[in-house]
Amino acid sequence: MSKVQVKKVVVAYSGGLDTSVIIPWLKENYDCEVVAFVADVGQGDEELKGVEAKALSSGASECYIVDLKEEFVKEYIYPTLKTGAYYEGKYLLGTSMARPVIAKAQVEIARKVGADALAHGCTGKGNDQVRFEGAFAALAPDLHVIAPWREWDLRSREACLDYLAERNIPCAASLTKIYSRDANAWHVSTEGGVLESTWNAPNEDCWVWTVDPEQAPNEAEYVTLQVAHGEVVAVDGEAMTPYNALLYLNQKGAKHGVGRIDIVENRLVGMKSRGCYETPGGTIIMEALRAVEQLVLDKTSFEFREELGIKASHLVYDGRWFTPLRQAVFAAADELAKDVNGEVVIKLYKGQAVATQKRSANSLYSEDFATFGADEVYDHSHAGGFIRLYSLSSRIRALSQNKQ
């Protein structure tokens, strides 16, 4: 198939080996100008150190580094948290939530520089190619999309390193890379290496942020979270931005080994993959939000929020962020979160984050009605009529079966 003709491409650039190869490869194979776009989603200063110089030395004409940290947490993480989304019951969607904010910013840079194409470094095996290209389709259907991993014949790190060496392009990457990692403000994921066999227990070097829970402090630590409309607005009495609150809780949780999971998940493309994910601050925040929900949501609202969480987890994981259904699901969750206001104390100890105290001005919990002692506000005799009506369909079914 003949290649499309493009003049200027904006590539999502990380500074790693793959994207360092993509820049000269695009120039050689498409005879185009390449602009590097770097998204700062909280992956850390070390990851961003010297990234602009790397991009330019690889052949990029320009390099844009865009700070997306606050937008990522405020506009992508919290709306997802309000749904209660856990993919397949465990995964807090750290990589999945980051892709749409990155793709959106990449499109904005493309518009700014007058590019006619977008490129990414996602492999043909993973979920991210779908997430990026799904976002591009929704936000910039007029732009061409180039996925080098689906076109080139470079199939190993050695081949990529040789490619750069032949062109005298400097690269600090090593020949051996044990793990594949992805980090942002919300989490860090580790895949590959020893984890490729499900019979291998994770090595300690599979974990990056968190201490081994067995080696965590022997004394519990408590953090107090103030929640307003389903979002953390203060921690330990200090008002914080969404990103700063997450950063603070990441540090607290990591110290106590909170937020580790080792899972095998179903990828969108059909295969299963295994990963070790660390989400210390996010685990604390989710525990706090669910604790307040227990106080303020009535039974049917809580059931509906759980249904929203399951649907949202698949929409986000599957790269359907910029769709009407995702917007509708999140709008419903946002409506339920209006009364999710309160204060929660979370105990951090040996890998666990547990809500030990909670209160809310919107609480539906009444000590007068909930007491197990003598009370004067609840007439127990009223329960009989309710139960008879509640079980009426079962009674009718049984009587009908007895007649047959």
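Positions of Cβ are set from backbone N, Cα and C atoms, glycine also.
Remember, it's a predicted structure, so these values are computed and weren't measured experimentally.
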Additional site residue, GLY121, GLY124, GLY126 [criterion: listed by Swiss-Prot with ALA12, TYR13, SER14, GLY15, GLY16, LEU17, ASP18, THR19, SER20, ALA39 for ATP]: GLY121
Listed in Swiss-Prot for the L-citrulline site shared with TYR91, SER96, ASN127, ARG131, SER180, SER189, GLU265, one of TYR78, TYR277: TYR277
ASP128 (L-aspartate binding site) - helix vs strand vs coil (DSSP): helix
Site with most surrounding Cβ atoms, counting all protein chains shown within 10 Å, from the binding-site residues SER14, SER96, THR123, ASN127: SER96
Spatial neighbour of SER180 (L-citrulline binding site) that is closest, considering only the binding-site residues ALA12, SER20, GLY121 and their CA atoms: GLY121
Among ASP18, ASP128, GLU265, the most crowded of the binding-site residues [Cβ within 10 Å]: ASP128
